[in-house]
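Enquirer: Submitted below is the structure of interest, expressed as structure tokens.
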Amino acid sequence: MQDRLQALKEEALLKIEQASDLKALQDVKVSYLGKKGPITEVLKGMGKLSPEERPVVGAYANEVRDAITSALESKVAELEQAVIEEKLKKESIDVTLPGRPVRQGNAHPLTAVIEEIEDLFLTMGFTVAEGPEVETDYYNFEALNLPKDHPARDMQDSFFITEDILLRTQTSPVQARTMEKHHGRGPVKIISPGKVYRRDDDDATHSHQFMQIEGLVVEENVRLSDLKGVLETFAKKMFGEDRKIRLRPSFFPFTEPSVEMDISCFKCGGKGCSICKHTGWIEILGAGMVHPNVLEMAGFDSKKYTGFAFGMGPERIAMLKYGIDDIRHFYTNDLRFLKQFKKA
Amino acid sequence: MLVSYNWLKDYVNLDLSAAELADKITKSGIEVEIVESLNKGITGVVVGHVLECVQHPNADKLRVCKVDLGEEEPVQIVCGAPNVAAGQKVPVAKVGAVLPGNFKIKKAKLRGEASNGMICSLTELGVEAKLVPKEYSSGIFVMPSDAEIGSDALAYLNLDDYVLELGLTPNRADCLNMLGVAYEVAAILDEELRLPEVQVETSGERASDYVSVTVDAKEDNPYYGAMIIKNITIAPSPLWMQNRLIAAGIRPINNVVDITNYVLLEYGQPLHAFDYDRLGSKEILVRRAKDGEEMVTLDDAKRKLGANHLVITNGEEPVAVAGVMGGATSEVQDNTTTVLLEAAYFEGIRVRAASKDLGLRSEASSRYEKGIDRNRVYDAAYRAASLMAEYAGGEVAEGIVEAGERLVSEGKAEVTKTRINSLLGTEIEAEQISAILKRLRFEFDVQGENYIVTVPTRRPDITIDADLVEEVGRIYGYDRIPTTYLFSEGRPGGLTPYQAARRKVMRYMEGTGLYQAVTYALTTPEKSTAFTFSEEQENVHSIKVSHPMSEERSTLRGTLIPQLLEVLKHNHHRSIDDVGIFEISSVFFAHEQSLSVLPEEKTYLSGALTGLWSIHPWQGEKKKMDFFVVKGILEGLFEELGLQSRISFESKSLPGMHPGRTAVVKLDSIAAGFVGQIHPGTQKDWDLNESYVFELNLDQLLGASVEPTIYQTLPRFPSITRDIAVVVDKNLPAGDLNTVIHEAGGQLLKESSLFDLYEGERMEEGKKSLAFSLKYYDPERTLTDEEVTKAHENILRSLEERFGASLRK
């Protein structure tokens, strides 16, 4: 009897081994382990055995059954795994195909530059001040020490609307307005960005509309050396830690002394190249100590308060930073241009 | 101002190169824009002596010359210049020489004759053609007969010089002349200053016997002086003077004219030489011109004058436009023998009026406009007279015939050491301050801490203490000013809530795939009001600038959309047809015809979209831009701003817009903008593809007060979702249905969303079907089926009553 079971076991295990799909296994299961299967048949004949033989054969029969069951299970697992693998194989994709695009625009490069500058000065305790683009002659000129017949008005031919109202030629009127609101009490610490307008013919380097960003600090005991500190911080953050700055005396009607700030060329490091016109220096901004007349007109005691102001052109900075060769690109808004400033 | 480095050496010792000097001048306050070498790459040009000059046997226009170059043998050179002649001293480029443009001189044969070098014209040596004296303009340059044969010709021609181009700010008109630059450079370098020594020997005659001077316009012409120089011989001026004029960008004419120009450059004082004999009288009368009065100026143009202009007359007729240009009739000519030399002070504003009206700008007029040193008039006149005596054989009559006040008094300015150091952040010692003021050649008294400075009339820009602080600071050196860091106490910086919100709006718009555009505020009157969405916008006046550059840029805009459409057009013309852009900028509204107060400025957020919204070709996905894409963007924005429940969209016909595809956007029932498709007609006018736009009053949106965010407890009980599909009239807006659904649904209805719209053929004519998914929820308990059914039926009943809706079967 045991021989018979042994043969059945070997026969079943071989069939399991040879089964190629789940259905064949199911057949094996039914035919060997089912109620009408040969093992059951064998066990039915147990009654003919001696009481000594019976438990031995019974145990062996169970052993055979367990072996077949276990072989079945592992074969099922094996086949299932194969099916899954087959499925995954069929599901494989070309991962080099392009992904589904997510629409994402970006800020205008001038906005990017202005926000970068704003953020820098916000961390230095400045606030952002804004004012109207259409201004009175008073705030645009007179309050900034540019009386009606001042020769420097020639420097900025303006779009007048009436004799007294014009498109602002600079963001400085925001300074005048802000100082006035302080009623002679400091500190004032602002940065003011915005659009300005001048009667220039549009060409590669001129635009009748452009941006400015200006800063103003009015406090007791503010010195030119403090301006130097602020500008140096700005230059290093904006153009690189190893930038050097240079102040040159200059002239603006609303500051005295007035300076222009150059930074060491970020392209060549000061050796001289086409960007810095072989001087090693790049002119970045104009600045100075607020003219006493400007302080007085805004209601500050110029004996007690001093201040500094600085102003720069975001277009110029963007042109230098990104190597843009024509100012008109900023206002034409060719999509091929705008798209280049994603990481700006 | 063009400054010759060699000329400057007359006044100041220069122990540094032109480039080093330029650097120092720039650092001290006057920007040297360019340092130009007058030698444009020349080597091997020497002085040659033409020994012999004969006709070329085979060429009419060529001459064969034997030229002595100071070497053993003279060389043969073939020359094409018409003015070459034996006996001349000429600049010769030897074989092996290099001329500007890297032009190398080699041995050559010209029509069979050997030519070993080249006799040069000034243009061949790099001088601009417009600066070459007329007599040499079409030939070689002839040098003075005392030029040393074989020596370097460049030194004779001053082509070894450097020219520094100064970029002068309006306050530094004092450096519009060589003496002013010399004062500046002497101060910067701490060197001695040598001023020209002027000595005039006068003849026995008196100028006042020859002319009288009257000024009838004292405000325009505070001082007028005239000198008389007789027995002049007109001839070319000396080569050194011509060289200096050329370096300064002025073409030499003849000795008298050159001298007036030379002194103009040297002293900054414009001078004019009249031919005394052709003046037509013995009288100078300065007056305003009469309206319509005419005269022919030096350039042979007939000029129409007006009462706004100042003229010099001979008592009757104008002979010069004051400070601008002389007249043709009294022009100095080759046969002139007596010169009346004018040295006057005209007010800049009057000179400017004439120079602007006549379109004439000259070295003289620009100096008058920027301001000259009145106390230098005399010195300049005498300097010119002495040069005329020396180089034109003139005899100077005694005295200056004059009218008006010549001298003006000098101003005073005060400053203290404390003020200087507290403004600059320095610790400059008293001795250093005194030394700097001396270098600047300012006279001063020290009274205690106070420096009382007498400001020379050449420096009218110095009036207050801050001006003196700057003078001391810049000579001390801005690079020596320390760097300090300013810390204000306890005042953090930051954006205002409005500014922060505006940045948030920008980031949101970028996130929806739109690119930010920045466009011009000036446009045409038509475009400035081409798109409106509220009645308020219609009752405004356009704001025109009084002197526009063009009609296209004449008027301030009241809408951003036209400029955005321009951007679409620009891109469309370059085959870029999938475009989505937005702009945040100011618009302007005037509530009066002629502005007496500033116009109203508002910030608008506008956008324009055209072409495909999304495209993913290899998976076959393509979505065209449509109304609902744009509306979706705006709805997302309103959610970002916490305004979604207060916003409504109402169909409205607006100018330039598709009448059936445009909605006004209302915030709390007040128009705040619009969204829609551009009218096909407008679209065609603009040469665009189908385009969508929106415009929102950003100030209005950001100005709306919004409740702070408060956390809502997460649902603890299940919600129940039921769908409802109803058939209604085709024209009924879905938004109206939604409103009623919410009213009727009561507290339990939490959300409704449209999930189906059907208007197809299986629908009765004039009807459509809308299906909503409705979500019921009670935060306190689990809802019963009965409750929900009751609410749901209530909704259906309300829809039936209000809109005649029927349940779709």
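Quick reminder: no glycine exception, Cβ is built from N, Cα and C everywhere.
Note that this is a predicted model, so its numbers are computed, not measured.
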Enquirer: Hey, TrEMBL has Mg(2+) bound by B:Asp467, B:Glu470, B:Glu471. Any idea which of B:Asp461, B:Asp479 it lists too?
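Expert: Same Mg(2+) site in TrEMBL: B:Asp461.
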Enquirer: Any idea which of the binding-site residues B:Asp461, B:Asp467, B:Glu470, B:Glu471 has the thinnest Cβ neighbourhood at 10 Å?
Expert: B:Asp461
Enquirer: Could you count the residues of the domain 'FDX-ACB' (B:715-808) that DSSP puts in helix, in strand and in coil?
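Expert: The counts are 34 helix, 32 strand, 28 coil.
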Enquirer: Kindly report the helix/strand/coil residue split of the domain 'B5' (B:408-483) according to DSSP, in that order.
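Expert: Once the DSSP states are binned, the domain 'B5' (B:408-483) shows 33 helix, 17 strand, 26 coil.
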Enquirer: Give, as a single whole number between 0 and 100, the mean pLDDT over the domain 'TRNA-binding' (B:39-154).
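Expert: For the domain 'TRNA-binding' (B:39-154), the model's average pLDDT rounds to 92.
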Enquirer: Which residue counts does DSSP yield for the domain 'TRNA-binding' (B:39-154) in the helix, strand and coil classes, in that order?
Expert: 11 helix, 47 strand, 58 coil
